[in-house]
Amino acid sequence: MGILGLSKLIADLAPQAIRESEMKHFFGRKVAIDASMCLYQFLIAVRSEGAQLATVNGDPTSHLMGMFYRTIRLLDNGIKPVYVFDGKPPDLKSGELAKRAERREEAEKALKAATDAGDDAEIEKFNRRLVRVTKEHAREAKELLSLMGVPYVDAPCEAEAQCAALVKAGKVYATATEDMDALTFGSTKLLRYLTYSEARKMPVKEFSYDKLLEGLEVNNREFIDLCILLGCDYCESIKGIGPKRAIELINNYRDIETILDNLDTSKYTVPENWNYKVARELFIEPEVADASAIDLKWTEPDEEGLVKFLCGDRQFSEERVRNGAKKLLKSKHAQTQVRLDSFFKTLPSTPNAVHAAKRKAEEAKKSANNKKAKTSGGAARGRRPK
């Protein structure tokens with residue numbers, strides 16, 4: 001689910017935090033990619049196009065085709081991807097997972113009804129809703145990435161949290177996912193639509209964490225409370241409070257505790273036994289592997305290994321796989337070029353960096369105004385300025 005309404009709220013109140021760019025703009029960047037989100041996109045895309053990509057036994061291979069060719073495209077554009085896979089979901093997510101299971105059951109019933117009625121459009125719609133990424137999909141994707149020479153990380157818990165940890169440690173430039181909660185976990189940069197197909201012609205949308213905090217006039221802790229009010233995967237939200245009201249409450253009271261002390265409960269319904277404090281701590285201190293100890297290496301592809309893995313039972317074209325392997329090798333050798341900013345050391349981000357910078361800017365502005373006032377006073381007493 002991510003964070004409900006956050007993208008639009010940022011677009012409305014902190015548009016300076018969003019920049020749209022072509023993929024080539026990120027040449028030379030290392031990017032942590034939410035692997036499960038990617039695999040889901042690939043499975044959904046193939047269904048919507050009506051294609052049937054499968055092994056001789058009928059097992060789907062669309063996730064492998066998507067991973068193979070989309071990764072090649074990223075590398076062709078000078079981007080060095082590292083894929084991050086989900087671990088076990090946190091206990092707090094059990095409520096959201098239960099809701100998803102209920103929606104799945106409803107979709108299965110609706111699919112049966114659509115099938116009985118012979119409604120192709122409805123059949124397609126509910127088939128898409130039943131798509132999910134399995135452990136086998138993830139296992140095969142990891143094997144493919146190893147053969148391609150592309151690194152991956154197994155997160156102990158949420159992939160978005162691990163991606164954010166890699167960004168904060170300076171290991172990668174940004175998190176690439178469609179889930180906005182990567183920002184709630186503190187990723188200083190979030191890229192949306194990076195792994196979309198070229199045919200969709202969607203520019204990459206880059207969100208800056210520091211700029212959105214400044215635009216929304218909140219610090220990192222207040223931003224987390226805002227996201228909980230908007231609606232996250234880890235607890236319920238207060239009924240009746242939408243994005244506009246949520247940011248007003250945070251700007252007025254600064255935290256959920258004070259909001260609850262001043263909330264009109266006849267107008268808004270607070271969930272019983274609301275776990276917002278535990279959800280807050282999960283965002284502040286998520287379960288992640290030590291990012292500073294993770295060694296990311298991009299190696300040469302194993303062409304013969306790729307042919308053996310993708311061709312045969314999986315029915316990929318050997319010619320296309322070999323051409324893909326050659327592109328991988330070419331892109332690896334071409335990536336000796338570096339971005340100019342890579343010559344300067346990137347320090348791991350700190351949550352309050354934006355506020356320190358803001359204070360510094362305000363002090364500089366105040367100092368400049370004082371100097372201007374003195375200069376103006378001098379001009380009044382001396383020669384009339386031309």
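The backbone N, Cα and C atoms fix where each Cβ goes, glycine too.
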Can you find which of ASP116, ASP119, ASP120, ASP233 Swiss-Prot lists as binding Mg(2+) 2 at the same site as ASP179, ASP181?
ASP233
Considering the Mg(2+) 1 binding residues ASP86, GLU158, GLU160 given in Swiss-Prot, which of ASP12, ASP34, ASP210, ASP225 is annotated for that site as well?
ASP34
When you average the Cβ positions of ASP34, ASP86, GLU158, GLU160 for the Mg(2+) 1 site, which other residues in that chain have a Cβ within 8 Å of that mean position?
SER36, MET37, VAL84, ALA155, ALA159, ALA161, GLN162, CYS163, THR177, ASP179, ALA182
Which ones, of the binding-site residues ASP34, ASP86, GLU160, have a Cα no more than 10 Å from the Cα of ASP181 (Mg(2+) 2 binding site)?
GLU160
Just to verify a number: CA distance, ASP34 (Mg(2+) 1 binding site) to ARG70 (DNA binding site), in angstrom, no decimals.
14
Counting every protein chain shown, other Cβ atoms within 10 Å of the Cβ of ASP181 (Mg(2+) 2 binding site) number 23
